[in-house]
Amino acid sequence: MRLLELRAENYRLFHELSLQPRCRLSFVFGANAAGKTSLLEAIYTLARGKSFRGNAQSELAGSSGERRWLVTGRVSTTEDGSAHRLGVEWRDGSTQLRLDGRDASSLDLLDAMVVQILEPGMHRVLQDGPTYRRSFIDWGVFHVEPSFMGIWRRYRRALRQRNQLLRQGRSDREIAAWEPELADAGERLTALRQDHLGRIGPAVGQRIERLLDEGAWQFELQSGWTRGQSLADTLRRTRATDRRLGTTQVGPHRAELRIRAGDQGIKHRISRGQQKLLIAAMLLTQSETVAEASGRHPILLIDDFGAELAEHFQRALLGELQRYRGQVVATAFERSGVLERIDDASMFHVERGRLRSLD
């Protein structure tokens, strides 16, 4: 998978933006607030229909005064060069998504252009609650297992119905009527997550060892209910407590991905730079697993490549990126240190919302 061309109008700092990466690996240099992150944000928006920063769509509009912005692009998905045309336009409070000239959904874009991003906010995958770690696993399962989305939707629907009945104080019979569907979809969803983690866990551990020169990394998925018991039995036993709390306390929506180095959790054990490398290892390995299943390597975006990394860690990360067969677009403050010696990458510079090629 390759981003062939990106264009944007009135997006963040860019009145007009045109990017055509020549090489598989691209670096964008520039000072702080020059537009580096906004460029990655535009690529991400093209694939997801929204910013990775969590901003409202209106906040992405530039300083022209217009209540609109537009991002378009072409993405090659096969070796023969055939490409999809994607577009995301926001105008006066309404967002329109397009794929190959037709109206599209966010899932259509997600399937047509597969993107992962490593940015400073990704530290929350390790530091914050389990929601972010579940999302990491589910992104991979979505792209390798065709049945995932249907099962996930079944589970979410049954969960919403049961929670609504709990809050309304309805009878046990009415609440129990949704539990077989909830339990079946929940068990299937958990099995898909476990299978996926079983595929990527050992490979992530090996990559972390190369990056950090430390071994014995372990990844464990806690299902969200008591080990060794069925979800159906657990739902039945916890019904009274759930009724009192007004919500379902067990199930895959409460699952947790535990990451350990030896016998210790990693939340307070490793530095910010080491956390960045750990997340990079997770993203790269998961992206390669997606490529094995789909034949398409996700596009990897990296914001502020060298931040928080000593030079030897930068060198190790650069080596992993050069070995990765998918496209990489990364930003950096300047072309110095390990980046001075790269000759197989497209180079760009951005200043005050203006992008130019250095090739």
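All positions are counted from 1 along the displayed chain.
Every residue gets a Cβ built from N, Cα and C, even glycine.
Straight from TrEMBL, the features:
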BINDING   Gly30, Ala31, Asn32, Ala33, Ala34, Gly35, Lys36, Thr37  ATP binding site
DOMAIN    5-341  domain 'RecF/RecN/SMC N-terminal'
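The structure, with features from TrEMBL marked on it.
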{"residue": "Gly30", "record": "ATP binding site", "contacts (Cβ under 8 Å, 6+ apart)": "Lys36, Thr331, Phe333, His349, Val350, Glu351"}
{"residue": "Ala31", "record": "ATP binding site", "contacts (Cβ under 8 Å, 6+ apart)": "Phe333, Glu351"}
{"residue": "Asn32", "record": "ATP binding site", "contacts (Cβ under 8 Å, 6+ apart)": "Phe333"}
{"residue": "Ala33", "record": "ATP binding site", "contacts (Cβ under 8 Å, 6+ apart)": "none"}
{"residue": "Ala34", "record": "ATP binding site", "contacts (Cβ under 8 Å, 6+ apart)": "Leu13, Val350, Glu351, Arg352, Gly353"}
{"residue": "Gly35", "record": "ATP binding site", "contacts (Cβ under 8 Å, 6+ apart)": "Arg12, Leu13, Phe14, Val350, Glu351, Arg352, Gly353, Arg354, Leu355"}
{"residue": "Thr37", "record": "ATP binding site", "contacts (Cβ under 8 Å, 6+ apart)": "Glu119, Asp303, Asp304, Thr331"}
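Cβ proximity to the ATP site centre (mean Cβ of Gly30, Ala31, Asn32, Ala33, Ala34, Gly35, Lys36, Thr37, cutoff 8 Å) flags the following additional same-chain residues: Ser38, Thr331, Val350, Glu351. Classification of Ala31 (ATP binding site) by DSSP places it in coil, neither helical nor stranded. As a whole-number mean, the pLDDT of the domain 'RecF/RecN/SMC N-terminal' (5-341) in this prediction is 93. Residue density at Lys36 (ATP binding site): 26 other Cβ atoms are found within 10 A of its Cβ, drawing on all protein chains shown.
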